[in-house]
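Some notes on the structure that comes next.
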Amino acid sequence: MDHPIDLLVIGGGTAGIVGSKTAAQLGARTVLVEAHRTGGDCLWTGCVPSKTILSAAARAAQARETDGSEPDFAQVRQRVSDTIATIEPEDSPEALERAGVSVLHGHARFTGPGEAEIDGRPVRFRRALIATGSAPAVPSIPGLDAAQTATSDTVWDLTSLPARMVVLGGGPIACELGQAFARLGSQVTILARSGLLPKEDRDAAALVQASLERDGVQVIDEDEASVIRQAPVRQGDASQNPPVSLITTSAGRELKAEVILIATGRTPRTASLGLEHLGVDLDERGQVLVDDSMRTSNRSVWAAGDVTTHPKFTHLAGVHASTAASNAVLGLRRSISQTVPRITYTSPEVAAVGLTEATGPGMTTSTVSLEDTDRAVTEESREGFVRLVIDRRGRILGGTIVGPRAGESLGELSLAVAQKMTTRQLAGVTHAYPTYNDALWNAAIVHARQALGSPVVKTLTRGLAAVARYRDNHATREQTRAPERAGSEDQTEARTEDQARSDAPDRAQGDRAQRSA
Ligand SMILES: Cc1cc2nc3c(=O)[nH]c(=O)nc-3n(C[C@H](O)[C@H](O)[C@H](O)COP(=O)(O)OP(=O)(O)OC[C@H]3O[C@@H](n4cnc5c(N)ncnc54)[C@H](O)[C@@H]3O)c2cc1C
Ligand SMILES: NC(=O)c1ccc[n+]([C@@H]2O[C@H](COP(=O)([O-])OP(=O)(O)OC[C@H]3O[C@@H](n4cnc5c(N)ncnc54)[C@H](O)[C@@H]3O)[C@@H](O)[C@H]2O)c1
């Protein structure tokens with residue numbers, strides 16, 4: 001390569017794909033380097049297979065309830081690989097080439113300012129985008145190395161359903177995969193050091209825990225594996241008797257598992273990137289530090305996706321990479337949005353954006369339960385709620401939605417948060433009936449009505465009503481005088497009394513409305 005590349009993108013996951021396509025679209029000479037396979041975690045080992053296995057597991061649970069049948073694990077695995085195969089062409093090297101991106105296969109590392117090598121071959125670049133993602137973090141627990149373990153990278157390679165699975169961790173991976181394997185028929189124990197979904201609303205996490213327990217999952221809170229041993233191997237065919245791990249916890253519990261699923265967070269892939277040659281600053285966990293325009297401490301290098309300190313979601317990887325790439329190519333300093341929606345796809349789903357609790361002065365929450373939401377009543381799925389966090393001016397700062405298809409309602413809430421909408425504005429938008437979204441709408445209405453009951457607003461409304469009454473009375477008097485300019489005063493007074501009487505029901509209605517608010 002004689003000329004330096006305009007934008008060198010390292011990593012072909014969501015961040016690398018979106019970043020390189022954006023740059024190519026803007027006319028930049030863009031090269032994407034991928035060491036393994038384009039599509040990254042989301043396609044091969046993350047979002048796509050996990051949402052597929054959850055769907056297969058939900059069906060399996062339903063079938064078990066209906067006719068007592070047990071799922072065929074081979075068919076579930078087939079469904080997972082079919083789904084990946086259907087989506088894969090969108091993320092393929094061919095699709096990238098069609099979009100104007102040159103794709104190189106190999107491991108890239110930086111060797112100096114504006115210089116890198118790909119499997120030893122040198123390349124020069126003007127600007128670079130680091131999009132190398134993250135890998136499962138493996139805790140150091142004595143005996144873990146010798147145990148039959150899986151991570152989100154390898155769990156998809158299991159050829160048979162483990163009879164017992166112990167899951168280490170309590171985040172989204174532990175909850176989603178724990179529920180999926182339990183519904184498929186494994187006896188699952190989740191060992192969650194800091195409880196389930198510690199970053200989410202506590203009531204939401206409690207509903208997920210209750211649902212997991214109904215699926216037969218044992219959830220052990222505030223405890224962790226301290227040592228792991230292998231049970232003595234029994235005589236006979238190894239496939240009939242797979243090795244069993246004995247897990248001793250800090251609290252002295254003894255657990256047995258054919259497979260230990262490690263879901264204890266992520267490690268950024270920065271170790272062998274040669275970032276020291278570029279002066280790119282990392283945090284203490286090795287994640288790349290970026291500013292609001294996704295630029296690193298090196299002015300020619302940007303980063304996006306799981307490799308950065310930002311939350312680890314596909315949509316964020318894509319949006320941040322798009323901002324990073326256009327800033328890099330066009331020399332802009334556009335900032336990323338601070339609105340971060342997220343969904344945990346358990347049953348019930350937990351969807352959240354922005355603030356999930358009232359943490360500042362004057363903030364309040366408005367909560368509506370699915371118990372009172374007619375669509376949930378008709379579908380007999382009344383477990384869940386919507387909780388909005390609202391500032392003193394009525395602006396929606398964030399919230400949590402829990403229940404069936406909660407994720408599908410999150411778009412509206414994200415829009416409200418991103419656009420700094422008030423509950424009054426959201427309440428003013430007519431929603432079709434009956435939908436799960438009614439809960440979100442009602443949470444906004446409840447708050448907006450409460451605001452109408454404040455002393456200032458009450459005084460204002462009374463003032464407006466008095467002016468309207470005065471105008472009506474005045475107009476009536478004028479009408480009365482016109483045909484009978486010389487008419488008797490008695491008649492006018494009689495009409496005014498009539499008018500006063502006809503006002504009464506309106507006032508009563510107003511009172512009723514105020515009482516119901
Ligand atoms: C089980 C699971 C379920 C998930 N579910 C969801 C979900 O439902 N919704 C959601 O939003 N997010 C989900 N996520 C998170 C999501 O998968 C990640 O946030 C997303 O894939 C990150 O994309 P990325 O491009 O930053 O990294 P990656 O997808 O990891 O891509 C990085 C790529 O860089 C390559 N690479 C690394 N180093 C080099 C190098 N030196 N040279 C060349 N190539 C290199 C790697 O091979 C890899 O292909 C899930 C994750 C997991 C594990
Ligand atoms: N639906 C989704 O969007 C989705 C689904 C899965 C994963 N993801 C992303 O993938 C990332 C990784 O997920 P994750 O669940 O592995 O990580 P996480 O960091 O969210 O959760 C890991 C949990 O494991 C606990 N833990 C750590 N060490 C432990 C130990 N030794 N024993 C017991 N518990 C321990 C931590 O306290 C933490 O709560 C997440 O940040 C998430 O953004 C997203």
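Every residue gets a Cβ built from N, Cα and C, even glycine.
As recorded in TrEMBL:
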type: BINDING; residues: Lys51, Thr132, Gly133, Ser134, Asp306; note: FAD binding site
type: DISULFID; residues: Cys42-Cys47; note: disulfide bond
type: DOMAIN; residues: 6-318; note: domain 'FAD/NAD(P)-binding'
type: DOMAIN; residues: 340-443; note: domain 'Pyridine nucleotide-disulphide oxidoreductase dimerisation'
In whole Å, how far does the CA atom of Gly133 (FAD binding site) lie from that of Cys47 (disulfide bond)?
14
Those disulfide-bonded residues listed as Cys42, Cys47, and which of them has the most Cβ atoms within 10 Å of its own Cβ:
Cys42
Taking Thr132, Gly133 as the binding-site residues to compare, which has the smallest set of other Cβ atoms within 10 Å?
Gly133
So, in DSSP terms, is Cys42 (disulfide bond) helix, strand, or coil?
helix
Can you give me the average pLDDT across the domain 'FAD/NAD(P)-binding' (6-318), rounded to a whole number?
97
Between the two most separated Cα atoms in Lys51, Thr132, Gly133, Ser134, Asp306, the residues recorded as binding FAD, what distance in Å do you get?
23
C-beta crowding around Lys51 (FAD binding site), within 10 angstroms:
15
Counting every protein chain present, what is the number of Cβ atoms, excluding its own, within 10 Å of the Cβ of Asp306 (FAD binding site)?
29
Determine, to the nearest whole angstrom, how far the Cα atom of Cys47 (disulfide bond) is from the Cα atom of Ser134 (FAD binding site).
14
Expressed to the nearest Å, what is the distance separating Ser134 (FAD binding site) and Cys42 (disulfide bond) at their Cα atoms?
11
Rounded inter-Cα distance in Å - Asp306 (FAD binding site), Cys42 (disulfide bond):
11
Inter-residue C-alpha distance, Thr132 (FAD binding site) and Cys42 (disulfide bond) (nearest angstrom):
13
Round to a whole number and give the Cα-to-Cα distance in Å for the pair Lys51 (FAD binding site) and Cys42 (disulfide bond).
10
